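Engineer: If you scroll down you'll find the structure; I have some questions about it.
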Amino acid sequence: MSVAIVRPTPESDAELAFEGALRPKTLAEFVGQAKVRAQLQLLLQAATLQNRTPDHILLAGPPGLGKTTLAMIVAQESGRPLRMSSGPAIQHAGDLAAVLSSLVPGEILFIDEIHRMARSAEEMLYLAMEDFRIDIMVGKGAGATSIPLDLAPFTLVGATTRSGLLPNPLRDRFGFTAHLEFYSEAELEQVLVRAAALLDLPIDRAALAEIAGRCRGTPRIANRLLRRVRDYSLVHERHGLEAVHAALSLYDVDELGLDRLDRAVMDIILTRFDGGPVGLNTLAVSVGEEAETIESVVEPFLVRIGLLTRTPRGRVATRAAWKHFGLSSASSSASVGLFGDDL
Ligand SMILES: Nc1ncnc2c1ncn2[C@@H]1O[C@H](COP(=O)(O)OP(=O)(O)OP(=O)(O)O)[C@@H](O)[C@H]1O
């Protein structure tokens with residue numbers, strides 16, 4: 001029987017509007033990532049003093065940590081217009097040429113998931129980033145010629161969950177790379193206090209602290225869980241910690257913040273492979289997810305909280321993982337009991 005894994009994604013209009021409403025607009029409002037904020041501040045101020053476009057910026061890190069938000073803040077703080085695009089939307093060099101040639105001077109170009117851009121577009125970007133120029137190929141075969149086209153100076157802000165996939169020549173052309181880290185519980189509590197105030201939600205500090213401990217170190221998940229708790233309070237007229245416990249249990253979020261996909265991965269490693277090592281592709285096929293999702297979304301958090309290690313031979317569960325799921329190697333033939341009848 002296949003495993004239906006539901007990882008809530010911000011796809012509905014309501015979820016997107018909710019995210020938009022809570023997005024910090026300035027560096028001062030942006031919670032956490034103190035080092036990255038200070039580095040960005042310096043870079044933007046120096047550009048302003050010299051009256052030039054800021055250096056190209058690469059934002060790297062797992063989903064939901066604030067890459068899009070920071071790109072918007074860069075535009076806002078430097079008083080420049082922002083153009084948004086994404087790697088999957090740039091499947092030919094021509095797609096990129098169309099965007100680049102229509103930029104106004106000083107514009108910030110944000111390319112989300114930049115590692116998913118077509119290779120031919122990547123090569124066009126090298127010249128564009130370095131010299132604000134592209135070569136447009138006209139014609140085919142022996143008669144093909146390239147026509148140089150000058151571009152308006154711009155700042156590229158690239159975001160990626162997989163910086164390791166970017167070719168070195170592209171990575172080297174960014175003047176600054178920010179590595180976003182998972183947030184601490186105290187920082188996530190701050191994110192939630194801010195969100196509750198913006199949404200006018202009457203919710204006490206203990207309840208917010210509980211949510212902060214269960215959101216995988218990720219502001220997007222914090223805000224989403226807050227929304228589920230708000231729904232629960234509205235429907236059941238129960239509030240505070242009681243509502244948090246009930247709502248998060250309903251949505252299968254455990255006390256470490258692990259969701260069904262995290263648990264599916266751990267279940268496979270612990271109970272099918274006696275703790276590992278398990279290769280990434282085997283893992284992906286076993287849980288019915290793409291290897292990229294396992295690698296960039298699930299594993300970074302499991303590694304961070306010490307349940308999983310990545311070794312050259314594959315993924316291995318740690319002693320803490322056995323303990324968390326109440327298993328020992330000898331008892332591993334029993335499932336961690338997280339799937340019901342799904343597996
Ligand atoms: N530092 C922060 N302080 C407050 N809220 C934040 C912060 N970072 C992110 N958020 C909130 O989390 C939500 C998700 O952030 P954002 O869309 O910027 O993440 P992302 O890293 O671009 O994710 P993805 O890679 O999936 O596009 C935002 O709507 C914002 O409300």
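Placement of Cβ uses the backbone N, Cα and C atoms for every residue, glycine included.
TrEMBL entries are annotated by machine, without manual review.
Worth saying up front: this structure is predicted, and the values here are computed from it rather than measured.
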Engineer: If TrEMBL says Leu22, Arg23, Gly64, Lys67, Thr68, Thr69, Glu130, Asp131, Phe132, Arg173, Tyr183 bind ATP, which of Arg216, Arg220, Arg224, Arg227 does it name for the same site?
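Structural biologist: When TrEMBL describes the ATP site, the candidate it includes is Arg220.
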Engineer: Quick check on the binding-site residues Arg310, Arg315: which one has the highest count of other Cβ atoms within 10 Å of its Cβ?
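Structural biologist: Compared across Arg310, Arg315, the most Cβ atoms within 10 Å surround Arg315.
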Engineer: Count the Cβ atoms, other than its own, that fall within 10 Å of the Cβ of Gly64 (ATP binding site), considering every protein chain shown.
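Structural biologist: Step by step: centre on the Cβ of Gly64 (ATP binding site), count other Cβ atoms within 10 Å, giving 25.
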Engineer: Where Glu130 (ATP binding site) and Arg310 (DNA binding site) are concerned, what is their Cα separation in Å, rounded?
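Structural biologist: The Cα atom of Glu130 (ATP binding site) is 36 Å away from the Cα atom of Arg310 (DNA binding site).
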Engineer: Please list, in sequence order, those binding-site residues from Leu22, Gly64, Thr68, Glu130, Phe132 with the Cβ less than 6 Å from ligand 1.
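Structural biologist: By the Cβ criterion, which requires under 6 Å to ligand 1, the hits are Leu22, Gly64, Thr68.
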Engineer: Reported as an integer number of Å, what is the Cα distance between Tyr183 (ATP binding site) and Arg315 (DNA binding site)?
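Structural biologist: Cα of Tyr183 (ATP binding site) to Cα of Arg315 (DNA binding site) measures 24 Å after rounding.
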Engineer: Could you say whether, by DSSP, Tyr183 (ATP binding site) belongs to a helix, a strand or a coil region?
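Structural biologist: Coil, per DSSP.
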